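Asks: One structure is given below, represented as structure tokens, and several questions about it will come after.
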Amino acid sequence: MGWLPLLLLLTQCLGVPGQRSPLNDFQVLRGTELQHLLHAVVPGPWQEDVADAEECAGRCGPLMDCRAFHYNVSSHGCQLLPWTQHSPHTRLRRSGRCDLFQKKDYVRTCIMNNGVGYRGTMATTVGGLPCQAWSHKFPNDHKYTPTLRNGLEENFCRNPDGDPGGPWCYTTDPAVRFQSCGIKSCREAACVWCNGEEYRGAVDRTESGRECQRWDLQHPHQHPFEPGKFLDQGLDDNYCRNPDGSERPWCYTTDPQIEREFCDLPRCGSEAQPRQEATTVSCFRGKGEGYRGTANTTTAGVPCQRWDAQIPHQHRFTPEKYACKDLRENFCRNPDGSEAPWCFTLRPGMRAAFCYQIRRCTDDVRPQDCYHGAGEQYRGTVSKTRKGVQCQRWSAETPHKPQFTFTSEPHAQLEENFCRNPDGDSHGPWCYTMDPRTPFDYCALRRCADDQPPSILDPPDQVQFEKCGKRVDRLDQRRSKLRVVGGHPGNSPWTVSLRNRQGQHFCGGSLVKEQWILTARQCFSSCHMPLTGYEVWLGTLFQNPQHGEPSLQRVPVAKMVCGPSGSQLVLLKLERSVTLNQRVALICLPPEWYVVPPGTKCEIAGWGETKGTGNDTVLNVALLNVISNQECNIKHRGRVRESEMCTEGLLAPVGACEGDYGGPLACFTHNCWVLEGIIIPNRVCARSRWPAVFTRVSVFVDWIHKVMRLG
């Protein structure tokens with residue numbers, strides 16, 4: 001053997017910093033402690049002088065009598081343990097301070113290579129025979145002596161002689177001296193169906209044999225797939241996974257020169273029964289992975305590129321590699337788990353775009369009754385919300401403490417848990433819910449067919465606002481055109497950027513309270529989707545601000561509340577209040593049912609698609625003229641509702657495109673900026689002389705205040 005192979009082998013064994021981590025030998029259970037139930041058995045003392053969990057792993061790894069360790073995430077303490085969760089008289093317990101790391105060889109139920117390192121607790125052979133204890137010489141005599149190093153414990157299957165067939169044991173049957181235990185290799189223990197998004201096996205090597213980097217580490221390769229942000233992707237330890245919709249499972253490698261590689265995993269046979277994705281053709285549910293309709297343009301009306309073509313855009317999403325994703329012709333699809341169906345476009349300057357013009361399938365349950373007016377006189381017995389959630393009794397104080405009770409509202413007949421409208425909510429009867437995450441929701445009711453909804457009131461003579469809707473003069477508007485089509489660089493301190501788990505901008509929003517953002521329902525796959533890893537960015541004009549920009553505030557999203565049916569609105573509650581300053585300000589909410597007079601000049605702001613009119617870097621602001629719904633409906637053939645409003649560009653084409661959705665239509669009224677509309681997907685964005693449609697915020701102001709009041 002030459003000196004170079006020896007050097008490479010030596011550096012691998014020593015675990016050179018920046019390559020292999022000692023944590024690679026461990027599986028982690030977050031927020032978990034391992035207790036031993038026998039008081040006479042005590043774990044090792046806490047060691048408080050460790051830098052991180054990697055140092056703990058470096059201490060535990062070489063010790064034969066260390067099989068696991070606790071890592072205290074707050075004090076950075078380390079406690080070495082001589083047992084695992086499979087040891088007798090132990091139990092797992094949830095913990096708010098500790099993570100539990102256990103050596104893979106002791107907790108894996110499959111084997112790597114020929115299983116020489118297997119230290120599991122399988123104790124029966126492939127033929128079902130009990131194993132003989134290694135310390136016994138009867139009924140079958142043998143030469144092996146149990147030690148800590150060879151791991152010949154109890155009567156567990158082991159492979160002390162490196163048998164190619166894997167772990168084995170002597171049996172308790174005098175007629176069968178020894179037999180294989182038939183433990184599957186980790187490669188064979190779990191198979192891949194479709195593109196392997198649901199693969200949760202324990203293979204931690206790539207197809208070239210390189211060891212995988214742990215998902216919870218950022219070396220040797222930095223990446224966005226932090227396990228704490230992608231809770232639904234199974235990013236366990238350093239096992240092969242597919243969190244980004246690649247053609248098959250992969251991992252980052254411990255080789256600094258090779259960032260990532262695919263893993264060699266067997267495909268499932270026809271007998272495997274994968275989770276069936278519900279398919280739809282006229283609408284889409286969730287993120288639209290099951291959409292199989294024929295929409296073939298983007299929200300902006302740009303034709304889609306065929307999936308089997310590589311012009312004008314080269315890509316990896318070919319029908320052959322994604323056979324189960326139905327990548328037919330140029331239809332909108334979602335092969336990679338994006339926020340909604342999308343496609344590559346035929347426009348060379350626009351690589352890909354979403355197809356938000358496809359409507360979402362409603363998840364409301366079928367109405368069980370009807371009501372007149374606002375439903376204040378409804379006295380029926382419906383007791384479920386529009387989502388099918390059971391109503392809380394009006395007399396109960398859990399899970400929500402009610403503000404309206406039979407005592408406080410004797411005329412509202414707040415009986416049992418029946419839907420009522422004690423506060424005159426304009427969106428109909430409602431109730432407190434039995435879901436701890438949802439204080440209240442509207443009920444499974446519809447307006448009666450013979451009931452005419454009230455028309456929007458005339459605008460009041462005076463609108464007064466005091467502490468919101470103020471800003472410093474915008475930046476020089478003559479510099480350039482930007483991403484709102486026909487727009488200019490500007491300051492819109494209430495406009496926020498919604499960021500997904502990879503930190504990418506996907507929608508806009510408006511700061512209406514220090515802890516609340518108003519945005520569009522179309523930006524989210526579900527009203528109950530996991531929000532871990534989603535953030536709101538405020539205080540910057542740049543789509544990709546520099547690291548450490550002093551005015552940037554990044555706040556995690558804690559909660560989502562979907563608006564009344566048909567509103568297309570969502571309120572996001574932040575984990576903490578933002579700090580208001582010149583770069584971060586509240587925008588005023590309009591009075592209820594306020595109608596912006598035609599001819600009013602308003603502005604939209606965002607970081608969305610520009611159709612080639614500008615660069616990617618700065619917040620865009622564009623002016624638009626408000627027009628009446630009557631004029632708007634001439635072009636839109638009567639489809640614009642009173643809960644919507646319209647604008648037409650002052651300089652065609654001017655308007656909102658993809659990436660701007662959820663952002664504000666702000667109008668300057670009585671020396672204040674007022675949030676009059678929310679940008680929603682239009683059939684074609686920024687089309688010359690074609691009215692753009694927005695959700696009219698004033699129709700839903702009572703709901704906004706109610707949600708913020710109830711928290």
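Numbers here mean position along the shown chain, with the first residue as 1.
The backbone N, Cα and C atoms fix where each Cβ goes, and this holds for glycine too.
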Asks: Quick one: which of Cys131, Cys157, Cys212, Cys240 does Swiss-Prot link to Cys181 by a disulfide?
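Replies: So the cysteine that Swiss-Prot bonds to Cys181 would be Cys157.
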Asks: Could you tell me which of Cys304, Cys324, Cys370 is bonded to Cys343 by a disulfide, according to Swiss-Prot?
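Replies: The record-listed partner cysteine is Cys304.
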Asks: Just confirming the record: what cysteine out of Cys78, Cys98 does Swiss-Prot connect to Cys56 via a disulfide?
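Replies: Cross-referencing Swiss-Prot, the cysteine bonded to Cys56 turns out to be Cys78.
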Asks: Return the single candidate from Cys186, Cys191, Cys355, Cys361 listed in Swiss-Prot as disulfide-linked to Cys268.
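Replies: Disulfide pairing in Swiss-Prot: Cys268 with Cys191.
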Asks: From the list Cys355, Cys361, Cys431, Cys443, which cysteine is recorded by Swiss-Prot as disulfide-linked to Cys391?
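Replies: In Swiss-Prot, Cys391 forms its recorded disulfide with Cys431.
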Asks: Applying a 10 Å Cβ distance cut-off over all chains shown, what neighbour count does Cys181 (disulfide bond) have?
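Replies: 25, counting other Cβ atoms within 10 Å of Cys181 (disulfide bond).
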Asks: So what pLDDT does the domain 'Kringle 4' (370-448) average out to?
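Replies: Mean pLDDT, the domain 'Kringle 4' (370-448): 92.
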Asks: For Cys66 (disulfide bond), identify the closest of the recorded positions Asn72, Asn296, Cys370, judging by Cα separation.
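Replies: Ranked by Cα distance from Cys66 (disulfide bond), first place goes to Asn72.
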Asks: Where, among 110-186, 191-268, 283-361, 370-448, do we find the most CB pairs under 8 A to the domain 'Peptidase S1' (484-709)?
Replies: 283-361
Asks: For Cys324 (disulfide bond), which of the recorded positions Cys157, Cys283, Asn296, Cys343, Cys602 has the nearest Cα in space?
Replies: Cys343
Asks: Of the disulfide-bonded residues Cys186, Cys194, Cys268, Cys632, which one has its Cα closest to the Cα of Cys370 (disulfide bond)?
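Replies: Answer for the nearest of the disulfide-bonded residues: Cys632.
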Asks: By CA-CA distance, flag whichever of Cys157, Cys191, Cys268, Cys361 among the disulfide-bonded residues is nearest to Cys304 (disulfide bond).
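Replies: Out of the listed candidates, the nearest Cα belongs to Cys361.
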Asks: Minimum Cβ neighbour count within 10 Å among the disulfide-bonded residues Cys194, Cys602, Cys632, Cys646: which residue?
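Replies: It is Cys194 that, of the disulfide-bonded residues Cys194, Cys602, Cys632, Cys646, has the fewest other Cβ atoms within 10 Å.
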